[in-house]
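Student: Okay, so Swiss-Prot annotates it like this:
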REPEAT    106-128  repeat 'MORN 5'
REPEAT    129-151  repeat 'MORN 6'
REGION    164-192  region 'Disordered'
COMPBIAS  176-189  compositional bias 'Low complexity'
REGION    231-278  region 'Disordered'
COMPBIAS  235-244  compositional bias 'Polar residues'
COMPBIAS  250-267  compositional bias 'Low complexity'
REGION    448-663  region 'Disordered'
COMPBIAS  467-476  compositional bias 'Basic and acidic residues'
COMPBIAS  478-491  compositional bias 'Pro residues'
MOTIF     492-496  motif 'Nuclear localization signal'
COMPBIAS  522-540  compositional bias 'Low complexity'
COMPBIAS  589-610  compositional bias 'Low complexity'
């Protein structure tokens, strides 16, 4: 047998034994352009046993056949290590795959390089799945057993679908803690403030609406005489448990394989005794087990999920959520049964005066419970088969370790022979492994330094800034004139300067129904002085009074009586837009007054002495006045006195009567609402009595 160095046209080279024009014996070969290296034994051009090293530093140590990995061997790829059998270049039939960083692993059968058949998946926190696999996913029947809640791993990676399988190349991926959702393996991603825990898909989540509603709700308060009639409902009916806050709800789960978070967002309706416990209150020793069907790596079909605390669900599942008919048994012994939709009980939870007949629902629930129990029994059988397959895979893994030792021996012989035949021949394999080792050290050091930097730099600041920005952008009412309830009758004098160029001041349309003002917070059509000084709404009332006291009273005019007359009826503010009053369009033959203008209605001539503060010429109707005025009762007395002294004409009297009727209509609105409420109450009573009789 001859030997030497042979260079190929593609840039590769071979140095070792040669016979019949083919590599034979021991030798070392590099790939095209010197990329990759195989060192070991050869048989007429084909590898037999040795070590193949990729430029990335990944290695395979084991046996070959017809140029493909076949037999027993160990593959090191990134942070994953496979030990076991190989068939024509693919993993299988039996083998184990383990993460060198987290300890997660799979032990069982393989097909075409994927988990297929029966096996055991052990997760980073120690939780396990034993059962069937198809095309690398949990599919069929199986048992998922979690570790105690205090030891359960916190899963933050939305990229992985399993903690230890081939379904993820991002085995050590992490996402920022402020991400909207951190999916795990036992449910879809849902927004939640909680952190997912490996293997926990059930959560004792209080229903927010039920928590806010009183337990004796309905049409009557809890202390009412007839309110106690609601206690006639049965504890075993589908609709009887709707006042309890015991609904199980998957709060935060993922499309990955092992983590669903549990968090309690509500409290019980009747205090601590009826309140559902928060997830923080779960005992650290609590564990959770699921036995049933799996489809496409998710809990789907019939199954039973149970916690060591007594929480139990039997029924149908879909995509890691309770979906279909099932029964939930709470830790306190109460049961919740009915139809679930995406983890929410949709039948029997709504508050209704007439609960639906639930015979058909109970039959479907019983059927689903029986199916779940059968599925759990089958899952236990499949788990036993998986245990036997796991033990066989472990034996193959031990044999693969022996095969790897033999392959390394062949590799060392080939390297020694290559150095003898060609001392200057470059062997890239050791350099690849050194580079990979250095890269792993750097990644490990970065992973130790990254979390504190992220937490200290960017995470705490956004939550503190966002609320303040929103508060600044939120419009707030400015400080306006004092409340009409606390304003004495005298300050209504400065009305001429109250308007502000047609702009509404604070509280101009609110009306502020205080006891002393009768809701006269603003009057849209009150005339104001054209040359009066305008003031800011934020100026104190005392300052307004000081300025107004210095104003010289102009010539007597009838506009003050018009303003007072409008202020007497507050309905114009609430029912009519800011425009001239409606009674100016109704001319009367008696109202032939040369001083009246289209913007101001007819006035009573003798009211200036009663007011004691005549106002200047009128303003346009668009100018509005936010200043509160004298209470309604006093305005009415003043108006009556003025009319009696001066002998007002028929038009103001007729308009006053119409305005009074409109005011009465406005005041009768609450009576109409009260009548409607009484009618609804009677209807509810009738329905309740019919329900009790039936």
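In case you wondered, yes, glycine gets a Cβ from its N, Cα and C as well.
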Student: How about long-range neighbours of the repeat 'MORN 5' (106-128): same chain, 6 or more residues beyond its ends, C-beta under 8 Å?
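Tutor: Counting only partners 6 or more residues beyond its ends, the repeat 'MORN 5' (106-128) has Cβ contacts under 8 Å with 84-85, 90-99, 134-138, 144-147, 151-153, 162-166, 198-199, 257-258, 382, 385-390, 393-394, 397.
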Student: By DSSP, how many residues in the repeat 'MORN 6' (129-151) are helix, how many strand, and how many coil?
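Tutor: Secondary-structure breakdown of the repeat 'MORN 6' (129-151): 3 helix, 15 strand, 5 coil.
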Student: With DSSP as the yardstick, break the repeat 'MORN 5' (106-128) down into helix, strand and coil residue counts.
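Tutor: Breakdown, helix to coil: 0 helix, 16 strand, 7 coil.
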